[in-house]
Amino acid sequence: MNYLFVFLALSAAVTFANAECNKIQCRMFCKFGFQQDENGCDICKCAERPEKKCSNRYCKMLCPEGFQVDANGCQICRCKRSALEAPEKKCDGLKQCKMHCENGFVRDENGCPKCECSKCKQFQCLIFCPHGNEVDENGCKTCKCKAAPEKKKCDDLKQCRMFCENGFVRDENGCKKCECNKCKNFICQIFCEYGNVVDENGCKTCKCNSKPLKLSLHCR
């Protein structure tokens, strides 16, 4: 009986010893760790990327170059930058500027500060003005809204005998003219940051214009 107990104890010790893994020395970097053998010990083979389930989120955007992806390889609602798009340039125009400007510096068309003081203070207003803000004597925006422009009365189209399938053309005041519209009523659920592509008739389509190329300009 004692021999049987000793034999079982030794067997358990051997099994336990075999379960311990030797420390491997692999001269390789595995981003997702190492593969394991049947004993659960690491071996010198890289594990594959773990599968991640991406959400079936729908983006109401048109991206000519496709969508960006996150760290898990899932698409996100951001467009890839075009290969033709010029890289953004760093602003370095204030290196030699010794001026102190209370209201900050004037910025150029590229958004870079110039060595020139701004006349206007930083504009802060919690009022939304649908027709724009009034400006002061220096041309700076104020927190007063412009009045709505007076609506011009439109002439009656009783004398117009035309039937227009797509409706009538409207002038700059929004008044109908006795002229047929070539374009159908435009309906599109895609927002185009740089406007919509137009067809051969000059009518808007539900395709977005590409981002315009920027010139490679240095800010000075």
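Cβ atoms here come from the backbone N, Cα and C positions, even for glycine.
Feature annotation from Swiss-Prot assigns signal peptide to 1-19; the stated evidence is sequence analysis. Per Swiss-Prot, domain 'Antistasin-like 1' is recorded for 21-46. The domain 'Antistasin-like 2' annotation in Swiss-Prot covers 54-79 and rests on sequence analysis. Swiss-Prot lists 91-117 with the feature domain 'Antistasin-like 3'. Marked as domain 'Antistasin-like 4' by Swiss-Prot: 120-145. Taken from Swiss-Prot, the feature domain 'Antistasin-like 5' covers 154-180, and the record attributes it to sequence analysis. Annotation source Swiss-Prot lists domain 'Antistasin-like 6' at 183-208, citing sequence analysis.
On the 0 to 100 pLDDT scale, the domain 'Antistasin-like 3' (91-117) averages 82 in this prediction. Residues 60-62, 64, 166-167 of the same chain lie 6+ residues outside the domain 'Antistasin-like 6' (183-208) yet bring a C-beta within less than 8 angstroms of a C-beta in it. Helix first, then strand, then coil: DSSP counts for the domain 'Antistasin-like 2' (54-79) stand at 0 helix, 8 strand, 18 coil.
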